[in-house]
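J.: Not my notes, these are from Swiss-Prot:
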- Ser10, Arg48, His49, Thr192: phosphate binding site (BINDING)
- Met191, Asn215, Tyr216, Ala217: substrate binding site (BINDING)
- Glu173: site 'Important for substrate specificity' (SITE)
- Gln228: site 'Important for substrate specificity' (SITE)
Amino acid sequence: MVRVGIIGGSGLYELLENPRIVRLDTPFGHCDVQLGELAGEEVAFIPRHGASHRLPPYKVNYKANLYALNMLEVERIIATNAVGSINPALEPGTIVIPHDFIDMTKCRDVTFYDGETTIKVRGREVSGVVHVSMTPYTYCPEIRASIIEAAEHMGLGVRDGGVYVCTEGNRFETPAEIRAFSILGGDIVGMTGCPEASLARELAICYASISVVTNYAAGVSGAVKLTQGEVIEIFSRKIQDISRLIEETIRRIPKRRECPCKDALSEYLK
């Protein structure tokens with residue numbers, strides 16, 4: 001059993017010690033998972049965009065990725081994302097631990113439970129139309145608390161809380177869209193947070209995210225033209241902090257789950 005899984009992108013490929021690649025065939029496609037050691041335990045890592053970072057956000061096979069971790073009996077997932085700042089107070093370089101999200105994607109496969117597919121969760125079959133709750137916590141409170149505690153231990157400043165807005169991509173958002181997201185209460189905007197978080201909940205897996213602000217979103221604080229190079233540059237500067245933060249977080253995550261995430265399917269697993 002692998003207790004903790006990590007989903008991330010560039011810069012984290014060398015995170016694990018003694019890594020090996022395992023290909024898992026899921027009902028939703030295959031997934032290459034890197035298994036290795038971190039913080040004294042075996043950990044699974046999935047490069048969200050593929051090993052060569054070839055998949056755009058809307059083509060990522062989120063269901064295969066999450067189900068592969070389910071097959072490994074992962075209970076906790078720590079994810080990382082690069083985000084733009086909707087809230088002017090969140091400067092580039094800020095690390096945000098979001099507490100909620102708004103899903104503005106349009107054409108992604110967002111659920112395991114389409115009424116026809118049967119899947120296994122903790123060795124038990126689940127099928128039909130399943131409606132999981134995203135309240136009272138959208139992201140796992142135990143992982144979030146562990147991330148924040150780890151950051152405090154490191155002396156690393158993080159923003160506790162924020163609303164993540166997920167867009168389809170590949171283009172960056174328009175100034176009008178960002179104004180609309182701000183009115184809706186959004187703080188940061190990215191392209192990979194959904195449906196990842198809700199799919200984890202559908203598998204009763206705890207999930208939380210570490211979001212790195214790489215730029216101001218369109219029209220915020222004078223932002224004019226956004227470039228992918230800008231995003232990569234800022235994220236690369238923070239990769240050492242993020243890597244250490246993940247390791248310190250794993251050391252602090254409780255071995256026994258007491259959060260509501262574990263009971264997400266309780267009414268369906270009878």
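Using N, Cα and C of the backbone, Cβ positions are placed for all residues, glycine too.
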J.: Count the other Cβ atoms sitting within 10 Å of the Cβ of Glu173 (site 'Important for substrate specificity'), across every protein chain shown.
T.: 23
J.: Among the recorded positions Asn215, Gln228, which residue has the largest number of other Cβ atoms within 10 Å of its own Cβ?
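T.: Comparing the recorded positions Asn215, Gln228, the most crowded Cβ belongs to Asn215.
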J.: Kindly assign His49 (phosphate binding site) to one of the three DSSP-derived states: helix, strand or coil.
T.: coil
J.: Distance check, please: Cα of Glu173 (site 'Important for substrate specificity') against Cα of Ala217 (substrate binding site), rounded to an integer number of angstrom.
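T.: A Cα-Cα distance of 8 Å.
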J.: Tyr216 (substrate binding site) has how many other Cβ neighbours within 10 Å of its own Cβ?
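T.: A count of 22.
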J.: May I ask which of the binding-site residues Met191, Asn215, Tyr216, Ala217 is closest to Gln228 (site 'Important for substrate specificity') if we compare their C-alpha atoms?
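T.: The answer is Asn215.
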